[in-house]
Structures are given as C-alpha cells and as structure tokens.
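Colleague: Let me begin by handing over the structure; questions about it come next.
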Amino acid sequence: MSVSRGVTVRVPAKVNVRLAVGGARPDGYHDLANVFLAVGLYDEVTVAEAAAPAVTCEGPGADQVPLDRTNLAVRAAELLAARHGITPNVHLHIRKDIPVAGGMAGGSADGAGALLACDALWGCGSSREELLSLCAELGSDVPFSLVGGAALGTGRGELLTPLEVGGAFHWVFAMADGGLSTPAVYAEFDRLNRGTEVPPPAAPPALLEALRTGDTAGLADALGNDLQPAALSLRPSLAATLAAGTEAGALAGLVSGSGPTTAFLVKDAEAAESVAAALRASGTCREARPALAPAPGATVVAGG
Ligand SMILES: C[C@](O)(CO)[C@H](O)COP(=O)(O)OP(=O)(O)OC[C@H]1O[C@@H](n2ccc(N)nc2=O)[C@H](O)[C@@H]1O
Ligand SMILES: Nc1ncnc2c1ncn2[C@@H]1O[C@H](COP(=O)(O)OP(=O)(O)OP(=O)(O)O)[C@@H](O)[C@H]1O
C-alpha cells in the first residue's frame with residue numbers, strides 16, 4: 001500500500017549498549033542510565049492530508065501493530081494537532097522493518113516519525129526542544145528515536161545527552177518469534193531483585209570511551225543490559241540464541257532492551273555476514289540481519 005502525496009520520514013531502530021536500571025520509582029518507572037545507539041534498520045512513516053483520520057501498516061509483524069488510537073504514530077499526530085488547534089485529518093502509513101515488540105523501539109520510532117512528518121505537513125515549525133518535549137510525553141524511548149546517533153538517557157530514559165561516536169560498529173540482530181511486553185520485563189526485573197538493594201544506575205566510563213574512539217573490542221567488553229536476566233527468565237530460549245551468536249564468532253551478544261531481539265557486536269562486515277548466516281542456520285531465531293551503527297535520527301526523506 002502507498003500514500004500518494006505527503007511527507008515521508010525514516011526513523012532508525014536502537015540498541016541499548018548499556019542499560020543500567022535503578023529501583024522502581026513511585027510513578028511506576030525506573031531511573032536509568034541508558035546508553036542508546038541508533039542502528040541502520042528503519043521504519044518509514046508517511047503522512048498525507050485525508051478526509052478523515054486513518055492509519056495503515058505494512059511489513060513484517062504489521063498484523064500485530066494496533067490500528068487504533070493506541071498506535072504511537074496516531075498518538076503523536078493527535079498530540080501535535082491538539083497543541084496547534086489542528087484537526088488531525090491525516091492518513092498515516094507505516095512501513096515497518098523494525099521488529100514489533102522486539103526491544104528495538106519500533107513503536108517509538110513510528111511516534112517520532114509521525115511527529116516530524118506532521119510538523120512538516122502542517123507547517124507547525126516546532127523547535128527541536130518542542131519536538132523533544134512532545135516525544136517525552138509519548139514514551140521514554142521516543143526522544144532518542146528523534147535524535148539518533150548515540151546518547152545517554154537518564155531519568156526514565158527521556159533526558160538525553162548526545163554522545164560522540166568515533167567510528168562505525170557492525171552488528172547482527174537476531175529477531176525472535178513473538179514479542180515481549182516492556183512493562184512485563186520491568187516487572188520481572190523487580191521480582192528478581194526483590195529484597196536486594198538496587199544500586200543507582202551509572203554508565204561505565206570504559207564504555208563511553210570505547211564509543212568515543214570507535215573501539216569495537218572495547219565496546220564488546222563493556223556491553224551490558226540489566227534487563228537481560230528478566231528477559232531470559234520470561235523467554236529462556238534466548239539463551240540458545242545468545243550462545244549460537246557467540247559460538248559463530250560474535251565478539252559479544254546481549255538482549256536488546258526489553259527483548260526478545262538479541263544483538264551481536266562483530267568485528268567487520270564479513271563477520272556480520274557469517275554470524276548472520278550461522279544464526280539463521282542455528283534455528284534459534286526467526287531471522288538474522290546485519291546492521292551498521294550509528295544511524296541518523298528521524299529524517300524527512302520525501303515531501304516536506
Ligand atoms: C527498555 C527500553 O526500551 C530501553 O530503552 C525502555 O526503557 C522502554 O521505553 P518505552 O518502551 O518508551 O517505555 P514507556 O512507554 O515510557 O513505558 C512503558 C512501561 O515500561 C516501564 N518502564 C519504562 C521506562 C522506564 N524507565 N522504567 C519503566 O519501568 C513502565 O512499566 C512503563 O509503564
Ligand atoms: N506504531 C507501532 N508499532 C509497533 N507497535 C506499536 C505501535 N504503536 C503502538 N504499539 C504497541 O506497542 C507495543 C510495543 O511495540 P514496540 O515495537 O514499540 O516494542 P519495543 O520495540 O519492544 O519497544 P521498546 O524497545 O521501546 O521497549 C506493541 O505490542 C503494540 O501493541
């Protein structure tokens with residue numbers, strides 16, 4: 001399906017190269033030290049004027065994407081329209097390539113994409129700060145989907161400090177069958193940590209230095225995800241995927257965010273192809289895809 005005229009925005013997926021999770025806050029969120037890295041797998045959101053609001057979606061997992069007002073792209077259009085006194089009569093079309101409920105911020109990407117596309121379509125001229133504030137209202141991961149590159153997210157992950165990246169990193173992503181619910185994974189984190197003192201979350205200096213200098217081996221040594229035990233507890237089969245990737249020669253592997261996608265850092269493009277092939281042959285995942293990082297944030301690619 002295609003939308004004939006309008007504005008198209010391309011938005012990257014993310015991997016959390018270090019996701020440090022603190023204790024549960026009174027508002028139900030967790031304080032984070034969340035080192036985001038945008039990766040070259042993209043959703044595209046196209047918006048065009050229409051007689052009435054509509055949303056359509058195509059691509060892998062499109063049948064699991066809600067086509068009602070809970071869709072983050074719809075919520076983004078409604079939020080921006082309300083701020084500007086506009087009636088959001090737009091057709092939103094989402095071309096998905098980011099796995100749905102995969103821990104790679106696919107819904108957040110669509111939210112950020114719809115916001116930027118509607119801002120251009122309606123000529124709102126929102127500043128970066130205004131867009132970032134609307135993104136934070138939509139979800140903790142949404143601001144990063146807008147900015148891309150690499151950033152440290154504090155608070156619930158929405159307060160971003162851009163990070164310097166000194167080179168390209170090669171990754172392989174192993175997509176699982178079905179998704180994992182982000183709130184369920186955080187609840188499992190709380191259950192597993194009950195009765196223990198969860199330390200304040202922090203990003204290790206060695207990891208930030210590896211990003212800054214483009215040091216793949218250094219980054220591999222410093223990767224970490226505090227949600228990984230919770231994701232493995234809810235989906236024990238991910239241990240076999242992680243083992244298959246590292247046995248195939250990945251420098252390191254981890255669960256991406258809340259999972260169930262697993263992410264493997266590899267030496268170069270050749271290693272990415274061979275690790276992806278081995279993961280596919282292992283039968284421990286639905287699909288394996290090489291991708292480069294960092295990737296740019298939400299970008300208008302047509303119209304606007
Ligand atoms: C796991 C990550 O993807 C890592 O980047 C994010 O922390 C999740 O971000 P997100 O999907 O944008 O999450 P939100 O839509 O803001 O929140 C969904 C739910 O996840 C849990 N949540 C989320 C973020 C956070 N810092 N603490 C939480 O406990 C809460 O139960 C919340 O109700
Ligand atoms: N545009 C959208 N695309 C995908 N899912 C959406 C969208 N809008 C709302 N959702 C809902 O959000 C849920 C989580 O989907 P999403 O793909 O964002 O997960 P995720 O990548 O694990 O998120 P994160 O990494 O930010 O925690 C889905 O199960 C779906 O019900």
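Note that Cβ sites are derived from N, Cα and C of the backbone, with glycine treated the same way.
TrEMBL lists Lys14, Asp141 with the feature active site. Under the heading domain 'GHMP kinase N-terminal', TrEMBL lists 71-149. Per TrEMBL, ATP binding site is recorded for Pro99, Val100, Ala101, Gly102, Gly103, Met104, Ala105, Gly106, Gly107, Ser108, Ala109. As annotated by TrEMBL, domain 'GHMP kinase C-terminal' applies to 207-283.
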Colleague: For ligand 2, pick out the binding-site residues Pro99, Ala101, Gly103, Ala105, Ala109 that have a CB under 6 angstroms away from one of its atoms.
Modeller: Ala101, Gly103, Ala105
Colleague: For the domain 'GHMP kinase N-terminal' (71-149), what are the DSSP-based totals of helix, strand and coil residues?
Modeller: 46 helix, 7 strand, 26 coil
Colleague: Scan Lys14, Pro99, Ala101 for recorded positions whose C-beta lands under 6 Å from an atom of ligand 1 and note them, or write none.
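Modeller: Listed by sequence, the hits amount to none.
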Colleague: Applying the rule Cβ within 8 Å of the centroid of the Cβ atoms of Pro99, Val100, Ala101, Gly102, Gly103, Met104, Ala105, Gly106, Gly107, Ser108, Ala109, what extra residues of the same chain belong around the ATP site?
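Modeller: For the ATP site the neighbour list reads Ala13, Ile98.
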Colleague: Where the distance is taken from Cα to Cα, which of the recorded positions Ala101, Ala105, Gly107, Ala109, Asp141 turns out closest to Lys14 (active site)?
Modeller: Ala105
Colleague: Is it possible to list how many residues within the domain 'GHMP kinase C-terminal' (207-283) are helical, extended or coil according to DSSP?
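Modeller: So the counts come to 45 helix, 11 strand, 21 coil.
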Colleague: At a 10 Å cut-off from the C-beta of Gly103 (ATP binding site), count the other C-beta atoms across all protein chains.
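Modeller: Cβ-Cβ neighbours of Gly103 (ATP binding site) within 10 Å number 30.
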